There are 2 protein chains.
Amino acid sequence: MRKIAVRELSRAGRLSVVASAILVSSAAGANEDLMRVAKRIFEPIPSAAPAVRDNPITHEKVTLGKSLFFDSRLSASGVISCNTCHNLGTGGVDAGPRSIGHRWQLGSRRAPTVYNAVFNVAQFWDGRAADLKAQAAGPVQASVEMNATPDHVLKTLNSMTDYVVMFSKAFPNEVAPVTFENFAKAIEAFEATLITPAAPFDQYLEGDEYALSDQQKTGLKLFIEKGCSSCHNGINVGGQDYFRFGVVKRPAEGLLPKEDKGRFAVTKDLGDEYVFRSAPLRNVALRPPYFHSGQVWSLKQAVGVMSEVQLGAKLSDEETDEIVAFLNSLTGQLPKIEYPILPTRTIATPKPSLDK
Amino acid sequence: MRKIAVRELSRAGRLSVVASAILVSSAAGANEDLMRVAKRIFEPIPSAAPAVRDNPITHEKVTLGKSLFFDSRLSASGVISCNTCHNLGTGGVDAGPRSIGHRWQLGSRRAPTVYNAVFNVAQFWDGRAADLKAQAAGPVQASVEMNATPDHVLKTLNSMTDYVVMFSKAFPNEVAPVTFENFAKAIEAFEATLITPAAPFDQYLEGDEYALSDQQKTGLKLFIEKGCSSCHNGINVGGQDYFRFGVVKRPAEGLLPKEDKGRFAVTKDLGDEYVFRSAPLRNVALRPPYFHSGQVWSLKQAVGVMSEVQLGAKLSDEETDEIVAFLNSLTGQLPKIEYPILPTRTIATPKPSLDK
């Protein structure tokens with residue numbers, strides 16, 4: 001087998017390597033084999049929000065979290081909300097390549113999608129947040145993003161009775177529920193509902209042989225055989241482990257800027273230089289541009305780059321199209337979201353601050 | 001009667017002046033009289049979208065318009081949509097005082113609300129757009145707002161098949177329906193649905209004596225007697241005609257900056273210096289800060305300013321509270337809006353441009 005991972009492969013990754021060998025050795029085109037192998041490597045998106053650690057999902061918490069997700073008044077300027085960069089109308093991301101934040105500053109990486117993020121092993125491209133509640137606490141404070149402070153967030157929330165009531169309902173056993181931690185937990189609860197089941201690939205994994213076209217099945221087979229699924233596996237078809245970007249060949253400088261060393265910044269381990277969490281590929285067709293640098297605008301081109309720099313493989317045009325067709329089968333059903341009517345600001349609500 | 005308007009009063013305004021006299025001369029506290037008078041001055045918000053000129057409202061057009069309203073890719077940067085400044089979650093306005101646009105530039109005035117805007121005599125604080133379709137064509141092109149061009153808008157829309165199909169359905173009899181004019185018409189159609197019926201005041205106008213509290217009725221009576229309704233009348237409790245800001249006394253410089261001469265910029269008539277469209281007061285409690293300069297954050301303070309500079313009246317604290325209570329009765333039922341899933345960008349979609 002080719003060497004792909006810089007670290008030990010995840011369980012699904014190891015399965016994928018084994019499965020790839022099985023597939024290659026079995027009769028080509030054996031559809032049942034393909035489905036059986038796929039079921040060992042991947043997992044369908046469930047139809048309901050999964051449980052998250054230390055944070056029971058309740059209707060009240062999700063309702064609160066949705067309001068917080070859309071409330072730009074939690075940013076210093078009053079302009080930027082979670083949804084600004086993780087736009088639920090455009091695949092859970094913004095227009096790219098890098099997000100624009102407070103005072104028109106540029107973020108350092110492409111916004112990751114919030115859809116199905118609950119299934120990732122950790123959050124951010126470098127996995128620096130263990131879960132969504134840890135993640136939610138980040139951008140609101142980042143000076144290039146929302147540029148707020150926990151104090152600003154709490155003053156803003158406490159200034160509006162409707163928010164205080166919503167927190168009381170979402171955290172019913174707490175005496176003083178309006179805390180920065182609960183703010184993050186409510187957002188996590190809402191985000192846990194942002195899952196996209198029933199993609200053609202999910203239907204296939206659940207046994208519907210006809211959910212994928214022949215081209216998509218061929219693409220799936222290639223995706224496994226060529227080694228893509230060694231890193232992109234599990235429920236999110238990625239997002240489960242960390243790998244070097246440029247295993248076989250260093251990508252172009254534009255794609256892998258020298259100054260962004262990825263997970264190295266988190267672990268300080270030299271082995272983690274230019275290592276990133278494998279991109280989760282659910283709904284990938286909905287959200288160009290691709291890679292953490294956001295420099296590739298076509299899915300076909302992205303597949304070409306990956307095969308070259310990660311696998312050292314030269315795919316034919318037809319093969320690339322087949323893999324792209326498979327990736328298109330990963331587009332699921334996005335949840336219907338009623339746009340929240342937010343609590344009305346009061347005289348005690350902090351005013352927007354447009355400067356530093 | 002006190003002199004309020006710089007121009008001939010509108011029909012409802014004249015009625016209001018007459019009605020005011022009737023009220024004063026009738027027995028104080030005569031509830032039927034108050035309701036009868038109110039019905040002559042104001043009008044309830046209907047439960048369904050009104051017809052708009054040259055633009056039949058269809059479900060397909062509204063659906064398209066909603067997507068356009070929320071689509072930030074129609075701005076040059078890919079960051080700013082109509083909803084950025086006319087946020088449907090916060091009363092149809094942004095956090096204020098002035099809107100932030102392309103490259104963090106500041107707009108010159110407070111964003112007007114999009115809710116019930118269809119009932120205004122004309123659009124913008126100075127009425128420079130005759131209707132919502134004319135209005136919709138403005139901000140998308142304004143360099144300090146979305147900074148796009150009709151060409152950018154059409155290239156963006158034409159790059160996504162789903163949008164082209166939506167235009168075909170919304171304008172079924174046109175050979176080439178993706179035009180800048182139709183873009184504006186679709187937004188107008190969506191905005192015509194952004195009406196907020198069933199406020200307590202609407203229920204009162206429809207005959208429910210108990211829809212307003214005693215304090216609110218006293219406030220309504222004061223609102224008429226003191227002369228507020230001479231300018232703030234009709235279906236939108238304002239928005240029907242143009243008046244000088246500072247009839248009796250020039251407001252503080254912060255509230256009425258010298259360089260913004262209001263409607264004068266539209267008509268070049270010296271009589272229109274510092275003249276603005278009277279603010280529509282529907283849902284006014286939902287959307288501080290107030291005035292075109294957005295410098296007043298409390299409704300009570302805004303009422304105080306208006307009585308002083310427009311009417312030369314000194315209201316007691318109790319009277320001010322009563323008028324504020326009445327204004328709170330103008331908060332209607334905001335429509336439920338499902339956040340749109342937007343068409344996916346293609347390789348032909350113009351890329352975000354963050355600079356000029």
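Heads up, the Cβ atoms here are built off N, Cα and C, so glycines get one too.
Among the candidates A:M146, A:M160, A:M306, the residue that TrEMBL annotates alongside A:C228, A:C231, A:H232 as binding heme c 2 is A:M306. Within 10 Å of the C-beta of A:C228 (heme c 2 binding site) we count 29 further C-beta atoms, all protein chains included. The domain 'Cytochrome c' (A:60-168): residue composition by secondary structure is 46 helix, 4 strand, 59 coil, according to DSSP. Of A:C82, A:H86, A:H102, all annotated as binding-site residues, the residue with the shortest Cα distance to A:C228 (heme c 2 binding site) is A:H86.
Cα separation, A:C85 (heme c 1 binding site) to A:H232 (heme c 2 binding site), rounded: 24 Å.
For the pair A:C231 (heme c 2 binding site) and A:H86 (heme c 1 binding site), the C-alpha distance works out to 24 angstrom. Per-residue pLDDT, averaged across the domain 'Cytochrome c' (A:214-331), gives 97. Among the binding-site residues listed (A:C82, A:H86, A:H102), A:H86 has its Cα nearest to the Cα of A:H232 (heme c 2 binding site). A Cα-Cα distance of 29 Å separates A:C82 (heme c 1 binding site) from A:M306 (heme c 2 binding site).
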